[in-house]
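Here is what Swiss-Prot records for this protein:
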type	residues	note
DOMAIN	6-225	domain 'ABC transporter'
BINDING	42, 43, 44, 45, 46, 47, 48, 49	ATP binding site
């Protein structure tokens with residue numbers, strides 16, 4: 001049985017800048033299994049964000065193959081890509097991107113409603129996730145009334161609200177102090193593992209990367225051996 005959630009085969013991406021072609025991804029090969037937390041480590045400009053955009057089906061124009069849950073999503077039309085993104089992928093960013101006029105629980109309920117969950121079910125799910133992240137007393141606070149660490153924990157709950165197979169995180173603790181970052185990351189890892197998801201975490205932080213199951217070092221568009 002193949003338990004790979006994500007498989008990348010010869011993933012490539014180039015951009016034109018005037019008369020010059022810039023190769024950002026140069027044949028990336030990788031795979032993630034259920035329950036696995038993998039660091040995508042590299043400096044700024046190494047192609048980390050471009051790779052997450054490809055895997056997250058946020059952009060087209062990539063060469064190679066991306067398989068999510070065994071399906072070659074590079075062959076999908078836009079409607080199928082959107083459906084896969086909503087049903088199978090969760091996103092966590094460095095900056096939380098919470099809706100400012102919605103409180104914590106509403107921010108976690110909304111993606112579930114978009115996917116078709118009932119209101120009561122979505123609220124129960126959101127309250128449970130936020131409680132596990134230590135936010136039981138902050139459910140009805142808007143983002144402006146939450147600390148940076150609390151905001152990021154709401155973002156983690158939102159990413160996991162629809163029980164995604166794959167979580168993509170782009171510098172998820174990069175805007176937090178070290179102690180807060182460690183707490184948020186520990187909670188993130190625990191939830192991902194409990195859900196049986198896989199997570200690909202882009203970071204330039206060697207210390208954070210060392211705490212994950214595996215490290216993919218991206219340098220000039222290639223995974224280093």
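For all residues, glycine too, the Cβ spot is worked out from N, Cα and C.
Feature annotations (Swiss-Prot) mapped to structure.
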residue	record	contacts (Cβ under 8 Å, 6+ apart)
42	ATP binding site	48, 202, 204, 217, 218, 219
43	ATP binding site	204
44	ATP binding site	204
45	ATP binding site	none
46	ATP binding site	218, 219, 220, 221
47	ATP binding site	13, 24, 25, 218, 220, 221
49	ATP binding site	170, 202
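Other residues of the chain with a Cβ within 8 Å of the Cβ centroid of 42, 43, 44, 45, 46, 47, 48, 49, the ATP site, are 202, 204, 218. Counting Cβ atoms from all protein chains shown, residue 48 (ATP binding site) has 22 others lying within 10 Å of its own Cβ. Looking only at the domain 'ABC transporter' (6-225), the predicted model's pLDDT averages out at 91.
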